[in-house]
Amino acid sequence: MAVATVKLSTQKATTRENCFEVVSPYLTFVLQAENQQEMEKWIKKIKEAIQ
């Protein structure tokens with residue numbers, strides 16, 4: 001069972017681009033990459049680490 005998940009940010013309160021979320025049972029972290037390619041790399045690596 002995974003302790004955390006990672007997904008594209010769905011927060012509409014921000015106008016920032018390339019944001020994604022790391023969600024744990026107690027906290028949600030919203031992170032921003034410099035560009036879409038970097039964001040995709042981060043998401044892939046985080047997913048690999050939490051599986």
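Any Cβ shown, glycine's included, is placed from N, Cα and C.
A TrEMBL annotation is a machine prediction, not a hand-curated record.
As annotated by TrEMBL, domain 'PH' applies to 1-51.
For the domain 'PH' (1-51), the number of residues in each DSSP class (helix H, G, I; strand E, B; coil) is 15 helix, 14 strand, 22 coil. Regional average pLDDT for the domain 'PH' (1-51) in the model is 86.
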